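Annotated features, as they stand in TrEMBL:
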- 509-773: domain 'G-protein coupled receptors family 3 profile' (DOMAIN)
- 509-532: transmembrane segment (TRANSMEM)
- 547-567: transmembrane segment (TRANSMEM)
- 579-603: transmembrane segment (TRANSMEM)
- 624-642: transmembrane segment (TRANSMEM)
- 669-691: transmembrane segment (TRANSMEM)
- 703-723: transmembrane segment (TRANSMEM)
- 729-751: transmembrane segment (TRANSMEM)
């Protein structure tokens, strides 16, 4: 019984020994797994092909054909091949790997009945992720795997997958080449685009220090989503395009870690940018692509306008010119596939035609004749000469064949003899594998060597690196601290970039504080409007309306100045936020003090022969406000002139985050400002408390006393809380204190008056005030 799964196109040739291959040149845009419903077992969309990667299939087919035609290699043995495409998906990679170690299209590993494949090796892995997914399955069966991609070196893959081998040159040469190319053209300000996965992170972390060593600066770093399904989320897509366009304005040279996935995703983003009204010249850059680059079919990308990639510079893996290979390509005919299930899709996409009348779409494509010439396909999409990755696959097939030849030859030279007497006495001669002679295994990355007491120096133990330190190599003698802007991962074998930490407008806490600031400022202006509208009523007149108006304006500004604390710190915001709040709030407290002193002096002049008569009037109030405010202005001016605040990075407070904040420049000056505000509030509180027994019709001292009591409670609790928090929560504490103290003044002083003005207007008349005075 066959498994209820779809088996996508494959390329197969039987043989005595079979080489398996996993390539990546097809993908179906509609086949992504959403995890909200069971996945489809069959493909729902016609696949799209990366034409350049189809040459990976042909290079393996050509290599096996060449080996079988040489009588000097594996005589009387025919090599076969079995090639699958993983559709750039882990799911298909695992399905292909299971099929290699199972019978023909039956996912029952180790089941011996049925057609056997005689698998000897697997060639595959366009990237690290695919290579390791293949190794997860076939390494269990000790099947050798040869990959033609750069593997992420920070992973200890040799320990996990000892049977995996690479057929590519040292990746460090590519980074050196990129730096030399940039220095040759004197490009010292560049951007970087990479896929958002382990390989992309490794590319960024490896390339960035080399650029810095060469005197080259990075203008921006963008990461393409690792899941192609993310490109179908329109909201996220438009956000990504806007971010990308803002980044592109920073530099004219962009380095791309150009995997097929990355180039396809970037092409889609470019297409969206053009649809949003951007011109090609505005988004065209000097593109520097790594050796893995490839475009999808040019028929699919006709609407994407690849003109933006014109003039791109690309690195390539070493390859040799094989004329026989070009003749092999010319001999291909889609009408006679010879076991190649991929050629049909490739041919239709390459020449924009159909091999069947049933598959023709609404655009009425022409029918493929089979005589189309591959030389006519544009070079960026398909090359007649063997590419670097195809040459690596070609060399991998020959490596396997020569290894089999060496094994066959060694078997004919070395045999074991059994003892024909009693017992099984064997005479073995070991070859190929060197014996091990070590005291203990090497320490893995993330550990350091520790000498064992009483043991020889070659015997040692492995101790995990302490928190905050890493080791990148095996048998490291010591662990090393990460740079200040990085932190050690859980395995302590790699340093990761720290995340920025600041109170943002977009996070819930920042949104709540912004809303409160705007809400209270609007409420304050609303109260001001009510007082202006009822300015001729007794209750407004009795409470010194000019001072009241000024106090309300200051409170509204207090609420608004808290917005300077929210968002990423900048020089201007750091320079202004503490001093502006200190001056405005001190002025507000000065108005409260002036109102209280004016009432006290007014009642003192009612006594016969009082010398305070000359102080009654606006002069006293204005003098109090100006004097108290100018004192705070002087303190702030001295602060800004001697040690002004500035943006600062704190890499030590939090282990995995870099705190973006404002350095106050001088902590004493910061506390001088707060202390002066507290001093004014205390004086106002004492004066208001002493005036609490004056006639209540004219006296708001009780309300002022309570409001200043709230103010003092808020700021007394602020200091220990502020000193005990770190990062964005420290800023949130200060913003909350500003809003709470300002709201306390607003509510406690003005709510009783609003109650009379709005809800009990009958009490806001002269007769009622006179009656109340008479009762007192």
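Even glycines carry a Cβ here, placed using N, Cα and C.
What you see is a predicted model, and the numbers here were worked out from it, not measured in a lab.
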Lying 6 or more residues past either end of the transmembrane segment (579-603) yet within Cβ distance under 8 Å of it, the residues of that chain are 543-544, 547-548, 550-551, 554-555, 557-558, 561-562, 564, 612, 615-616, 620-622, 624-625, 628-629, 631-633, 635-636, 639-640, 673-674, 676-677, 680-681, 683-684, 687-688, 690-691, 694-695, 698-701, 704, 707-708, 738, 741-742, 745, 749
Of 547-567, 624-642, 703-723, 729-751, whichever stretch has the most CB pairs under 8 A to the transmembrane segment (669-691): 703-723
Stretch among 547-567, 624-642, 729-751 sharing the most Cβ pairs under 8 Å with the transmembrane segment (509-532): 547-567
Would you mind listing the long-range same-chain contacts of the transmembrane segment (729-751), meaning Cβ under 8 Å and 6+ residues beyond its ends? 502-503, 509, 513, 516-517, 520, 523-524, 527, 551-552, 555, 558-559, 561-562, 565-566, 581, 585, 588, 592, 661, 700, 703-704, 706-708, 710-711, 714-715, 718, 721-722
If we skip the immediate neighbours and take only residues 6+ beyond the ends of the transmembrane segment (624-642), which ones have a Cβ under 8 Å from one of its Cβ atoms? 547, 550, 575, 579, 582-583, 586-587, 589-591, 593-594, 597, 665-666, 669-670, 672-673, 676-677, 680
Quick one: average pLDDT across the domain 'G-protein coupled receptors family 3 profile' (509-773), no decimals. 82
